[in-house]
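Okay, handing you the structure first.
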Amino acid sequence: MLNPMASIRERVRKDGTITWAVLLREAETGKQTSRSMLTKQDALELRDFLNANGQSFALAAQAAARLRSPAPTVAATVANHIESLTSVTPGTRHRYRLLADRHITQTELGGIPIDTLTRVDVSRWLNSLPLATKSKKNVHSLLSAALGDAQRDGHVPTNVAHGIRFTKSNSRREPVFLTRDQVDAIAGAMSEHYRPFIHFLARTGLRWSEATALRIRDVDLTSERGTVHVTRAWKENGDGWVIGAPKTSRGRRTVVMPAALTSLVQGRARGRGRDELLFTGTTGGGSGTASSTRPLGSQR
């Protein structure tokens, strides 16, 4: 059963002075009680805060503190942290901005002043995110790093996001590998121009962004089983797509191709310059951007 709404009542003291009583049934105890205020305006404000927060004095006090706080909001603090980072690539900064916008700025958490933020607020926010545990950890790390900056700058006494633990997930998605027949079926649905590319992805395990950044010079085709030197990959930097280092340091690697694939790649590389891209679209341009999926998907 819902508590009745809080109300106010004028009271006249023996000396003739007037006070204003805020009448309510406390959410925490269920007991009917009242609080006296010196002015009608203060009484109205307390009544409104109580009615907006389920007649809980604790929540009403928290709401009042947040309304009056001059501190920056969580969203502003995270945004400032992202812009102040000095050791990230433009692409990483762009991904951080997207992460913050989707899961912090557009949530209730984003509007809370950081000096009134509680550990309970952070835990409730994390529990409400419709994300897998790994993704929650990523966005939580961003928040905790931003609050760590705020703590060092003296804006908050503690980092309330620090040390929050996550439940280990027992659900692990098993990898799914295409069969040879499935790869052949996919390649057969493409135009002849793209078939070597499909077989290359399947036989080498390179990411799309890595394979489409390869130059002729990055493949050694002098032996029966050629080798691929992976040193570059397409990356988004916020303004578009550029070629940079692979996703991780372990991404720099050498991959050996089977003989049949080596023969296909030799055909693709024959007669072309060493600095040309190995795999291109039908018009000769690179295939590394997101838009490159359109010509691939439309080919027969």
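Keep in mind that glycine also has a Cβ here, set from the backbone N, Cα and C atoms.
Grabbed the feature section from TrEMBL, which reads as follows:
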- 72-151: domain 'Core-binding (CB)' (DOMAIN)
- 173-300: domain 'Tyr recombinase' (DOMAIN)
- 276-300: region 'Disordered' (REGION)
How do the residues of the domain 'Tyr recombinase' (173-300) split into helix, strand and coil according to DSSP?
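Secondary-structure breakdown of the domain 'Tyr recombinase' (173-300): 52 helix, 22 strand, 54 coil.
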What does the DSSP secondary structure composition of the domain 'Core-binding (CB)' (72-151) look like, as residue counts for helix, strand and coil?
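For the domain 'Core-binding (CB)' (72-151), the helix, strand and coil counts are 63 helix, 2 strand, 15 coil.
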On average, what pLDDT score does this prediction assign to the domain 'Core-binding (CB)' (72-151)?
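Mean per-residue confidence for the domain 'Core-binding (CB)' (72-151): 94 out of 100.
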